[in-house]
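A.B. asks: My questions all concern the structure below.
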Amino acid sequence: MSRDLQNHLLFETATEVANRVGGIYSVLKSKAPITVAQYKDHYHLIGPLNKATYQNEVDILDWKKPEAFSDEMRPVQHALQTMESRGVHFVYGRWLIEGAPKVILFDLDSVRGYSNEWKGDLWSLVGIPSPENDFETNDAILLGYTVAWFLGEVAHLDSQHAIVAHFHEWLAGVALPLCRKRRIDVVTIFTTHATLLGRYLCASGSFDFYNCLESVDVDHEAGRFGIYHRYCIERAAAHSADVFTTVSQITAFEAEHLLKRKPDGILPNGLNVIKFQAFHEFQNLHALKKEKINDFVRGHFHGCFDFDLDNTLYFFIAGRYEYKNKGADMFIEALARLNYRLKVSGSKKTVVAFIVMPAKNNSFTVEALKGQAEVRALENTVHEVTTSIGKRIFDHAIRYPHNGLTTELPTDLGELLKSSDKVMLKRRILALRRPEGQLPPIVTHNMVDDANDLILNKIRQVQLFNSPSDRVKMIFHPEFLNANNPILGLDYDEFVRGCHLGVFPSYYEPWGYTPAECTVMGVPSITTNVSGFGAYMEDLIETNQAKDYGIYIVDRRFKAPDESVEQLVDYMEEFVKKTRRQRINQRNRTERLSDLLDWKRMGLEYVKARQLALRRGYPDQFRELVGEELNDSNMDALAGGKKLKVARPLSVPGSPRDLRSNSTVYMTPGDLGTLQEVNNADDYFSLGVNPAADDDDDGPYADDS
């Protein structure tokens, strides 16, 4: 059957569509504007319905109205009608994000009656077991069968357009073997953002993951961790897809050995850089947000506030509470060693290190709330007193020439301060005192399991207790930040802007949005060569020059653990020793890397993946369309096997590599390669790309009534 490859339909499926759970939500949300600009109403996102949150995420549309769909998209409407007639419930609308993509959210409870039938069918088709009490897997099966049902209906009703179905992670991957087995006329892409087995092996802490991958007995290890059935779904999805991709080179290496299929290419995660852009204002924003953090620090350390905030640096680590995978253990150990170095050297600088990772807690401690309240009370009292003093000076000055007074303006504090002012101030100051021997707390919340918390126990082990002699102070904030926080009223993005350095020494990080977000906000960061972001930036910037751009890359792959910790300490100490002018210059260089992470650049890799899927699904049509025989062994080969080469920069510190240059041997990001902006529009054969998209002023609701 001949289908239109250029005007194909795109359906993207994930469990985090309009459902904030983890990083995939951020990927889909930030990528939506460029995808909608490219596909218009040919693009739909599909996911499960979260009844608790969907009303805040989706603008519901009346899909039954004839005008809800264009004539080209009428098969989607008919497919939904067919499924509704069979008892399937769903929500159809627009996701309330930039770009406003159309979404279909299936209510899995409405198809739960098919559960046993579908689980039995999955076993008979591909031999994947499904334990009764694994609710996450059961929901993955329900979603997979529902999506395959929907795609089958659309493919049957629409014989005109090619259909590309893109699935993210194993939770959305059950539909892939079903599409293959049922011979549904769609081409498929599967992207793994992290492998199941990889997460478990790294979190165990007893496995040299990256150097022993080739020797892993995957079936045995999956069984040992009790995830064999999930692993089978993930592996079946990888092998059933027309195109298999990962988010980074390091994850591609992992997937090749754990899922037993070499990925066809890399789909690195981008950012909507416009959201973060502040142009020349970003330095001012740093100063403003830093002052907010200063206010918190004054309250947190009240009674022991013996360090100069102008000589204080704010470091932080943030993310999910994965103690080893996110590198929290290494961060705390390195801070203890940094503290020792700074004390021995007699440094006057202080480092306040924040750990922002959600853990079970019972809200804020009374001490944390009281400290902020006492400092605010002192601030208000000082403001009242200074206002009164100003009024007295003004009254004296304005009477002076008329009453024949010969005395000068009062300068003695005793004359300016009334006794009542002194009493108020003394009360506020005494309220800031701590009981003798009591130190500022290291945690801001009442922890549910304080005695067994890994982060707190590590802090206790290295004895970073916020003593006056410590040059490194610790603050563990076991909740994500938001502007309504009563002690640190900043959103996460604002907090990042106010900090000086983000530290993310992850051991298992397929991509790593936290250092990427730091980069686009002009905040230097420390990452590792086993994180996708770290490896990506290592390839983009000349050897040993990444840190000049505020990207410090710790070697956690080829160095022993203790050597990696020492390297991290070296980087942090080097940063502490910088002057303010050096830090400002470095932030300027860091912010200039933003364009390297923009979806306008990264999104081209998604275009390549879709082309490769269409090439493999419709080889004859594709050859006829392109006019030549193309190699479809992987994404890079399909695009002509172009080498990405860059010239050695003439400036010092080196500039980011010019991806259009042709004079050296570097390729990005690594052996699997990407094209990014090297290719021109002709290289993409205009498959589904609307060249006028950037000039289109119509809003996302232009076709809605």
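Every residue gets a Cβ built from N, Cα and C, even glycine.
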A.B. asks: Do you know which of 586-605, 686-705 Swiss-Prot annotates as region 'Disordered'?
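C.D. replies: Of 586-605, 686-705, Swiss-Prot gives region 'Disordered' for 686-705.
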A.B. asks: According to Swiss-Prot, which residue out of SER130, SER655 bears the annotation phosphoserine?
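C.D. replies: The residue tagged phosphoserine by Swiss-Prot is SER655.
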A.B. asks: Between THR514, THR668, which does Swiss-Prot record as phosphothreonine?
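C.D. replies: THR668, according to Swiss-Prot.
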A.B. asks: Do you know offhand how many angstrom separate THR514 (UDP binding site) and SER363 (phosphoserine) by C-alpha?
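C.D. replies: Taking the Cα atoms only, THR514 (UDP binding site) lies 25 Å from SER363 (phosphoserine).
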A.B. asks: Would you give the longest CA-CA distance, in whole angstrom, between residues of HIS280, GLU281, GLN283, HIS286, LYS290, HIS500, ARG583, ARG587, the set recorded as binding alpha-D-glucose 6-phosphate?
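C.D. replies: Greatest Cα-Cα span of the listed binding residues: 17 Å.
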A.B. asks: Given the binding-site residues GLU281, GLU509, and counting only Cβ atoms in the protein chains shown, which has the most within 10 Å of its Cβ?
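C.D. replies: Top count of Cβ atoms within 10 Å goes to GLU509.
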A.B. asks: Between all pairs in HIS193, ARG199, ARG320, GLU509, TRP511, GLY512 (listed as UDP-alpha-D-glucose binders), what's the biggest Cα distance, rounded to the nearest Å?
C.D. replies: 15
A.B. asks: Give me the non-local Cβ neighbours of GLY512 (UDP-alpha-D-glucose binding site): same chain, 6+ apart in sequence, Cβ-Cβ under 8 Å, ordered along the sequence.
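C.D. replies: The answer is PHE504, SER506, THR527, SER531, GLY532, PHE533, GLY534.
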A.B. asks: Please list residues from the chain of GLN283 (alpha-D-glucose 6-phosphate binding site) whose Cβ is under 8 angstroms from its Cβ, counting only those at least six apart in sequence.
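C.D. replies: Correct list: GLY522, ILE584, ARG587, ASN588.
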A.B. asks: According to DSSP, folded down to helix, strand and coil, what is LYS290 (alpha-D-glucose 6-phosphate binding site)?
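C.D. replies: Where LYS290 (alpha-D-glucose 6-phosphate binding site) sits, the three-state DSSP reduction gives helix.
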A.B. asks: Could you give the Cα-Cα distance between HIS193 (UDP-alpha-D-glucose binding site) and ARG583 (alpha-D-glucose 6-phosphate binding site), in whole Å?
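C.D. replies: Computed Cα spacing between HIS193 (UDP-alpha-D-glucose binding site) and ARG583 (alpha-D-glucose 6-phosphate binding site) is 34 Å.
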A.B. asks: For the binding-site residues listed here (ARG20, HIS193), tell me which residue's CB has the most neighbouring CB atoms inside 10 Å.
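C.D. replies: Compared across ARG20, HIS193, the most Cβ atoms within 10 Å surround HIS193.
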